[in-house]
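Scroll down for the structure; my scribbles are underneath it.
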Amino acid sequence: MKGLPVLSLLLWMCAVYFVGIYLFVGGFLLVRLEVNRTSTCGDVLQPGEEPVDFCRVQPRFRRAVLLIIDALKIDFAWFDPNNTAPRPYENKLPVLEETVSSRPSHSRLYPFRADPPTTTMQRIKGFTTGSLPTFVDVGNNFASSAILEDNLIHQFGQVGKRVVFMGDDTWENLFPKKFHRSLPFPSFNVKDLHTVDNGILQHLYTTMVGDDWDVLVAHFLGVDHCGHRFGPDHPAMADKLTQMDGVIRSVIDRLQNDTLLVVMGDHGMTDTGDHGGESQKETDAAIFLYSPSPLFPGPPSQSEPDVVPQTDLVPTLALLLGVPIPYSSVGQVLLPLFPPHGQTEGAVGRLSQLEALWINAKQVNRFLETYSGMAKDIPPESLSQLKRQFSRLSSEYLSSVREGRSPSPQLAASLQAYLTSVRDTCRATWARFNPLKMAVGLAILAFACLTCFILSELSLVLIRENAPGPKAPVVAALAAGACAAACQLLAQGYVEAAWCLAAAALSSELLFLWRAHRRGTAPADKNGAKAPKCTTWLSPCRLLIPPLLVPLLRCASLLSDSYVIAEGRAVTFLVFSLALYIPIHLNWDGLLLPPSHDPLKAAGFLPPPASSPSTVRKESSILLACLALLVGSLYLSLSFHACREEQGSCQPSPFLSPLSRLQDSQLKNLHYVLSVFSLGSWTYLLRRCLRHYGNLNSSGGTAFTAHWILPLLSVCLALHWAVSATPEDSFRNLAELISLAQLALPRAAFCLLGLGLFLIWLDPLTVFVKTRGAASARASSLPPPSYRASTGISPQAELHHLIPQIYQRMRRSMDDGELSGGGEVDSSPAVKAYGLGTIYSAPLLLFCGLLGIGLLLLHPEGMALSFLLLLLEMGALLHIHASSTNLSSLHGTYSGGFNVPWTPVVLWSLAATQFFHATGHLPTFPSIQWGAAFVGFPDGHTGTLLPASLVTLNTFASHILFAVGCPLLLFWPLVCEVRGSRGARACGEEGEDAVMEMRLRENPQQFSSALLQLSTRYLFILGAQVFASVCAAAILRRHLMVWKVFAPKLMFEASGFLVSSVSLLIGVTLVLRVDVAVGRWFKRLVPDASR
């Protein structure tokens, strides 16, 4: 088998796809331009003849305490005295309502609305810089980098205010060396509810009574982690909120008159405790403002805002504490905190509402002028309109100040309208697209899909002797990349790698397409004959077939947000429809049932049928039974779907919740029993299949893995689930043992998984050869048998010819009870060979099964049943494919060769997407199961690579399993081959049994060609889905739902393609590794003396 050309062509194809994705994403998800300028005390000038140093004016408040309760949604803060049966998260913060009611001039409680993405790092950026984050920032949530834009922490330091921080260590990463004193605690372990909060409480009160601070920031994480671990509707949430209520009371008691208290949440949470998206439950947090001195002119009035945007906190705090507003802030001061114009007499450091608005508007206008000079993305008409509006308001305000008259009452409202217009304009245009990069990325992906399709049709031509492979395209790519780099150096003095990669990818694609066009309009079949004219590569009769129409229809549907929202059920329907097409198509062609009686055949005028009617009925029954199993698996898999925020009445699957969240002990036990049963069934079915084909008789590494590592891994997983489901306060005496088990069991499972996969790779053969004792004794005195089939041929060709002969001799040795010819000694080797017929598929099947258990470890326990359904669906698809191939062969319509048709390939790829949804995943960021990062690492991580890898493996588990197992589509028809069904067998060999996968060794060129064709067809389906998502994001980039639906879908499709392509390469490489091991084994089997 020619492994190197197959692997090199696949690597080249994947690399081209990767470049196209990289370029488009680089042009579509650009971070907005940051203005690296800083406000100074001399910038913010109040109207007057002489310039005034803003920072030297005595501020209204000398100190401020910021208590940030992560994920404090507004529903947690409201208090309803009429609610006699509150849920665990309701009425647990009565201190807020009590304070607002008893001291209305000192306190307020508002909904505090965040801008998506609602992840902690972006929210901290938002309420410290006053700027709006972009979509791509969500990817940096766990790789926080220092904030370069002007921000409140920097301004506090500039004026000499001592900032003391304690809590979430994200702040330390965002503001390195900016704090007077810092007490960070690790934040990534969402299962830890108490470490951060208890660490803060050890220092909070002692710090407050001291005098070495001016601004105190405390970021609590317990509420957020409780939501991630248990959800809001859990007793643990009630305990955590009650603790926060006590904290707020204690802080209020320790406040001095010159201190401002701000209690706020950075974002909300969904009903399942997640966040990251833009639903109202995720964006609406709470903000509570309080001071022992009067803070508001009076009780709440009708003019007060219903909702406070998070960006408004920045200018408000800056003016109240006497520091300049950060340069890039687009927030608007919270007017109720400032007295109306003309009512500031006698108040120290008080700015009126109009003065605060003027300073705010002047700062925003300055930023707008600077930004528009650096970036040209704001529409010119909007920019000019905003400039005219500010010029008019500025002249009106300054003239009233110079003349000493009272400004008009509408001026404040006009300034507010101006600030709102600037923020809305920035929000609408801040996603800076790079049309050129997007267009080049689209072109590369379009050519990649075309190249991949043609590569699948030319697979046999490219694998034949002396075929050039990808050498020429790779050389062209290197030359084009070097030329692009040289041109950039000459033109602009630096090199941008993206354009070098673009030139390399496009040149290699175009060269391949040009060379493919020169080969002719139709590929040659295995005999070198040309295909009919109607079957050219891109003709309608080749593209518009039902198996290809289904993925093309799905790709077109990706332009619809309704389809993306309901994709889980839609893909399930597509799998069902295409699977049902197979028996309907067979029946239409007359292949599903035995042929009817023909008198001409009975009289001998026509050849008899290739097989008996009973064999045809048996294969049809197997096909229909597997179809029923597939339908049942599809139906049951719908019970494991999660819910999007847009699906209002949808209820997420109860199996998505970890056992630790379940409070009903009987329900918890039932879920655990189901999970263990599913895990045991997975292990049993794998071992049963391997035992059925004789693959467990050998003593190699693969058999050892199946015998010992597979069941041990299952036991570790079951014990881990039991320990994880144990409540923390159930066995206080065994707390240390339980903590040790939570650490040791999953790590032991990881070690077993790694060992098993390594052993499969090291020793993949599952063949056991046993020599008969009698035959050995009698043959010991005889010379070795002569195996030479002919003379004058190369040893390699002779070996390929000998392999089927060796197999036949082994089979005859098993069938014959004694040596043939009575006393005569037969020259064939008298041996028994177990597992030879599944020599390729057995290690691959065990590899997938072992990997599946490892991926299940990263999922909630309830997903075990879903993984069992995945295994059953994979088996059903393989047997449906094998039975349809056998039925075609039994009726004499089999085309020969080992090529896999489009239908099973499309079904395989659709099943991967279907089980992405059936394992509780969605193409949305809130649905990411972050808990996978802590399996085996309950205390968190020091870096981000390992947790990111674990979360990726969890998210794309179905993509990984189906991609690694894709070569099984090539092997399974041979495994299930019916005796006498293949027309390729030579005539006159009556009674020959099927040699199953050994047939692949008879024609290594066809084997390599079929493997390459299968892989490129699978890549084509995946690449077409990515291309469709890219087109949807590009065409609908100004659509209302682009950042909520289409951009996340693009990110998940692109990430899924990257993971799937790497997994496919792993599966193909494992097949090549097995082929090398098989070749070595046969060479050892043939005695040197016989050659």
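Cβ from N, Cα, C; glycine included.
Straight from TrEMBL, the features:
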- 6-31: transmembrane segment (TRANSMEM)
- 439-462: transmembrane segment (TRANSMEM)
- 571-588: transmembrane segment (TRANSMEM)
- 621-638: transmembrane segment (TRANSMEM)
- 669-686: transmembrane segment (TRANSMEM)
- 706-723: transmembrane segment (TRANSMEM)
- 744-762: transmembrane segment (TRANSMEM)
- 839-858: transmembrane segment (TRANSMEM)
- 865-882: transmembrane segment (TRANSMEM)
- 956-975: transmembrane segment (TRANSMEM)
- 1018-1036: transmembrane segment (TRANSMEM)
- 1056-1074: transmembrane segment (TRANSMEM)
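Against the transmembrane segment (744-762), the recorded stretches 669-686, 839-858, 865-882, 956-975, 1018-1036 differ in Cβ pairs under 8 Å, and the greatest number is found for 839-858.
Away from its own ends, the transmembrane segment (571-588) comes close to residues 546-547, 550, 553-554, 620, 623-624, 627, 630-631, 634, 637-638, 877, 880, 884, 887-888, 903, 906-907, 910-911, 913-914, 917-918 of its chain (Cβ-Cβ under 8 Å, at least six residues beyond either end). The transmembrane segment (669-686) is not in contact with the transmembrane segment (1056-1074), judged by fewer than 3 CB-CB distances under 8 Å for residue pairs 6 or more apart in sequence.
Within the chain carrying the transmembrane segment (706-723), a Cβ under 8 angstroms from the stretch's Cβ atoms is held by residues 659, 672, 675-676, 679-680, 682-683, 686-687, 690, 695-696, 738, 741-742, 745-746, 748-749, 752-753, 755-756, 759, 846, 849-850, 853-854, 856-857, 861, all 6 or more beyond its ends. Packing against the transmembrane segment (621-638) from elsewhere in the chain are residues 568-569, 572, 575-576, 579-580, 582-583, 586, 592, 865-866, 869-870, 872-873, 875-877, 879-880, 883-884, 887, 914-915, 918: each is 6 or more residues past its ends and has a CB under 8 Å from a CB in it.
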